[in-house]
Every structure is written in C-alpha cells, then in structure tokens.
Amino acid sequence: MTTLSPPQAAPKRQQSIFWRRFRRSTPGKVGAVIVALFVLLAVLAPIINPYDPTTDRNYRLNLKPPSVSALWNRDVADTYRDPATGTLNVWAAPFGTDNLGRSVATRVLHGAQLSLKVGVVSTVLALIAGTLLGVLAGYFGGWFDTVVGYLSDVMLAFPSILLAIGFASIFSSDHPPLLIAAMDRLFALHSPQLVTAMLAVSLVQVPVYVRLARAVVLSVREREFVQAAGALGATQSRMIFRHVLPNSLSPLIVQGALSIATATIEVAALGFLGIGAQPPLPEWGTMISDSRQYYVDAPWTMVFPGLAIFLTVLGFNLLGDGLRDVLDPRSTQ
Amino acid sequence: MGSYLIRRVLRTLLVMIGISVVVFAFVRSIPGDPATALLGERATPEAAAALREQLGLNKPWFINYKDPAHLLDAQFPKYVGQLVQGDLGSGIKSNIPVRDELAARFPATAELAIAALLFALLIGLPTGLLAALRRNSAWDNLATTVSLLGVSMPVFWLGLLLSYFFAVRLGWLPPSARLGNDTVLEPVTGFYVLDALLRGQPAAAWDAVRHLILPAIALGSIPLAIIARITRSSLLEVLGQDYVRTARAKGLTGRAVTLKHALRNALLPVVTVIGLQAGALLGGAVLTETIFSWPGLGSWLYDAISQRDYPVIQGGVIFAALVVSVVNLLVDLSYAVLDPRIQYR
C-alpha cells in the first residue's frame, strides 16, 4: 500500500468481468451446457425428425421396449425386425413406443420445444408484470404499495398449484378468450389449454417478482447516484427506468433462471393432471399422464418424458446458481 | 410485542377476507353450469332453473342491484354469512356437508404432510449440518448435488418411479390407499398410525406406516432438498460470526461451539423455510394423492374441480389457504421466542 498503482488504461468492461466469473462457476457452466443442448434439440427437432403428432400411429408396434435393447435382447430384436426384409434398425424407437405405437424418443424430442417455450414465456411475462408492479410500489410507496402488497399477500397464501389449477380450469374452454387464442397463434403452441396453463403458472409467479423488485428498489432508491439524478432534475420516469431499474436487475435475472425451472415443472404438473396440454400434443407432463395406465408393463413411457423434465429443470437450476455466483454481490466476497 | 401481535393477526384476517373474495370470484367464473352438470345434459330447462333457484345460483354475484331494498340478497353476502358461521355448504354431487368431508379428509393429508416433513427433516437437517461442518469435502459436494437433484425432480414423476420400483417390481410396499384391504380400523383421530396405536393394533399401525412410506418420500423430496440447502448455508454464515470466534477463544471445544452456540441461531432460517413449505406440501399433496390414491384434501379438490363442485372447491381451497396463513402467522410469532434480538414495534 505504499505506492499508488497508476490508473489503468481503461476499467474492465462489465461484460468481460461477467464472463470471467461465469467461467469459474462449475454449476453455471454445467447448467449452460444442459440448457444449450435442450435449446439445440428443440430448434433442430423439426429438421432432423419432422413429426406430426396427430397422424403418428403404429398399432403393430405398441408398448414395445426401447429398440436399443435389441443389441442384447433377442425378443426385442425380433419385434423390431422388418417382417419383409429382415433388417433390424436399433434406432427405430430408442426409448420404446407408447400405447399407440409412437416412438417415445421422437415425442420427447418434440416436447422440448413446447416445454422450453412455455417455461421461458411464462417466466418472462411474470418477470415483466411483477417487476413493473414491484418497482412502482417500491418507488412511490403510499396506497399503491399497500394495495399491491396486500394482493401479493393474498396470492401467496394459496398453494400455487391450486391457484394455477383454478385459473386454468376457468379459461380452458372450447372457445378460448381472444387473448389466449392470439397468444396460441403467436407462440405456435397449437393448444389453447397449454396457453392457459402457461398464463396460470405465470400469474402464480407474479407476486414473487413484486416482492423481490420492491425490496431491491427500496435499497437502490436511497443510493447517492439516484439522489444525484433527482437533484439534477431528472423526471420520475427517467429516474425509474434509467437509474433505479437497471441497477435492480441482477437479483431479478437470477430469480428468472430459477423461475424457468419452477415454471417447467408446474406446467408439466398441470399437463399431468389433465388441465394443461391435451393429447396428442407431445408435452412431457401430458405424456406421463397418458402413461399412467401402461407404465406397470411399459415403464419407458413414463421414465423418459420425466427424465427430460428433470434434466431441463436441473439445467435451469444450475444456470440460476451460476448466475447468482456471478451477479450476487454477497457471494463474490 | 403486544401491538405487533395484534397487527400481525389483523393482517392475517384481512388476507383471509381477500382469499374468500378471490375464491368466490374464481369459482363463479368456472365455465359450465353446475345445474346441468348435476342433472345431466338431458334435463329440462325448467328443472335446471328450479335447481338454480334452490341453490341460489340465479341471484347476482356481489350486490343485488336489481332490488335496492334487498341489496345483500346476492350470492356473496350469503356465502360470507355462512362462512362466518363455519357453514361451508354441501357438495353438489355427494350432498355431504363440506365441513364433515373436510374433517374426514384433512387428517389424511395432515398425516401425509407430517410424515413427509419428518422424512425431510430427518435426512435434510443432518445432511446440511455435516455439509457445513465439513465444507468443501466430498460429503459436502455429495450433499449439495443431491439437494440440487431433489429440487429439480418433478414430484409426480418421482412418485411414479417409486411406485414402479418399490411397489410394482419389488413388491416391498403397497402402491395405493392408506390401509390394506384386510386391515380393519375404527378411526379415532383420523391419523391412522396414531389410531391403530390407540386401539392397540400394532399390526394395523405397521400397515398404515407401510402405506405412508412411498407417498411421504415423494412429497418430502423437495422440502428435504430445501432444508438441507438452507441448513448448510445458514450454519456456514453463523460459524463465520464474531461470537462463535469468541466462544472458540474462550477455549470451548468444537462440539460445544457448534451445538450450543451456532446451531441454535442457524436453525432460525430453517424454521422459516419449514413454515414456507406448508403451502408447497399442500400443493404437492394434490399430485401425490392423485398418484397414490390417497383419500385426502388434494385428491378430493382435484375431483371437485373436474366436476365443478362449487361448494367443495370453495370450502377446500379456503381451508387450504387458511392453513397456510395460520402456519405463516405461527412462524412469524415463533421468531419472538427463538430470536430475542428481533424488536417488535
């Protein structure tokens, strides 16, 4: 501490610090790889393996075990052997087939797109709505804060899955409201029930962001640079959107990654209860629900869709942990 | 402290009022007519109208704006009036009073939730403690990994996997219900394990325990992971504080410091988390009970929603929210006992 180091040529850019720290976080890296893999599968699915769930049927090969096991299991090999040519394709249905003879692997692959879309969209909607309400409540206080806080308290008192079930059962009818039909088209989900489930899961998450954003804004609002901006005559909206909000984003981003994990599980749970996506849509929760009559004899119909949910959720949880390592100032000490 | 208590209880009451309004509005918005659902599609319009009249469904929702002399002759005021008297109406399908069915089914869910929480605590607490005490050891890494896997596991998938391996393949444990077909047990409290012991039927108690194991593990997996995580991080934080160093400097042994000084304070956040899990457990019960045919609140509510049984949905959801609010209230108040540093104003 005897000599002052000369001023650096330029302070390190925020982005490079982010990447340097992120590369040191093992959970973050593993999570990023898993998530990237699923995104890649989801994007490439229509190209590597075009699929129409409504016409895909093969009653000769229903509830058959994974075709990979043909390598060591003679019976399975005989099942998958083409009766005309006698050739055997061990990759015909690597995860086995379901009650309609559809390849579980193909359906799991195509389910990736649905689950990722639904998880991300529901979280982003909750993040925007909740953050906006929370920021306004925290910044202005007063009656608005009281009302928003009260409504969040009421919503948080419900077990979230019950609230989601309630919401989803109100709006999932044969004639969906215009908003739901429009979102169905916008995100190409081909299922108004799935959109309803997505909105339900989103709604349940809103109070989480309200509380988080409010707490962060309360602490940021008192910082000198915000007061300086106020002293320099910045308008209310400029103060909120240029100064307070950008400096409150870190915890919200971390929570966002973790919320995608929760949302993915909850949408699948609604599908499992028969309220979300409807058959024949290859949504993972719905596939597990379909498998309930058959899983005693054909466990692969239940194991692989569940594994897909589990891995996706794990990926986002790891990614969230990694982002927290990077963005949470407390963990950097 | 006194005024804090009053304010905190008042807030809970306000939230309860909000809950009843929300549930009422939600339930009335579910599409489909309960009268048609009850009488079947072929019912005459007259019969349906008569039933709606009888159920009070023809009245306006909140205020009877058509008849200013009887403003309160509407569905919501009537519903609140009954609610205050503890009258939750009767199930449209079963015609059994909702209160009676709640009383019969709540013990089943409570028994399951308590078993799940016990499982989570028995495994989660020691796991978290050991992980914190041997930080960065192989055990710590294992515990962190397992708890991460636990929070990422969909409850319904875990339930099906458990039921497939331990009930279907190995045949060690029963896959559904609370008791075997051969077991006869006269309920006392509705908690079957307790009932069997009270009646002096150890065989029945063992049967009830065997039925509890799989659903309790499925329901307890997420709380377990969360408890282990929180215990670890909270103990690590406490162990780094000055008073722990002081205790060490006084010459106390490592064990005395951890158990007497650090652990007590480290458990505070764990208590909060257990409280927060009350809602998650009730929500998870909907899934777990569906898988294991457990005759509790969750499976009952699920059936009621698919059959549009208004009074059952109303009563059940309000009751669930009440339980969550009361548990949260108790957790907040228990802070005063557990942590004298907290000042209430």
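Yeah, the Cβs are placed from backbone N, Cα and C, and that goes for glycine too.
Note: TrEMBL annotation is automatic and uncurated.
Residues or ranges marked as domain 'ABC transmembrane type-1' by TrEMBL: A:112-320.
Beyond its flanks by at least six residues, the transmembrane segment (A:30-48) meets 22, 109-110, 112-113, 116, 311-312, 314-322 of its own chain at Cβ-Cβ distances under 8 Å. The transmembrane segment annotation in TrEMBL covers A:30-48 (among others).
Under the heading transmembrane segment, TrEMBL lists A:118-140 (among others). For the transmembrane segment (A:118-140), same-chain residues at least 6 beyond its ends with a Cβ under 8 Å from one of its own Cβ atoms are 148-149, 187, 189, 194, 197-199, 201-218, 221, 239-240, 244-245, 248, 252, 255-256, 259-261, 263-264, 267, 312, 316.
Below 8 angstroms of C-beta separation, residues 133-134, 136-137, 177, 180, 193, 196-197, 199-201, 203-204, 206-207, 210-211, 214, 266, 269-270, 273, 275-276 of the same chain, each at least six residues beyond the ends of the transmembrane segment (A:147-171), sit close to that stretch. Per TrEMBL, the feature transmembrane segment maps to A:147-171 (among others).
The transmembrane segment feature in TrEMBL is assigned to A:191-213 (among others). Residues 114, 118, 121-123, 125-127, 129-135, 137-138, 148-149, 151-152, 155-156, 160, 163-165, 167-168, 171-172, 176, 180-181, 183-184, 248, 251-252, 255, 259, 262-263, 266-267, 270-271, 275-278, 281, 283 of the same chain lie 6+ residues outside the transmembrane segment (A:191-213) yet bring a C-beta within less than 8 angstroms of a C-beta in it.
Annotation comment: TrEMBL describes A:252-278 (among others) as transmembrane segment.
Annotated transmembrane segment per TrEMBL: A:298-320 (among others), in sequence order.
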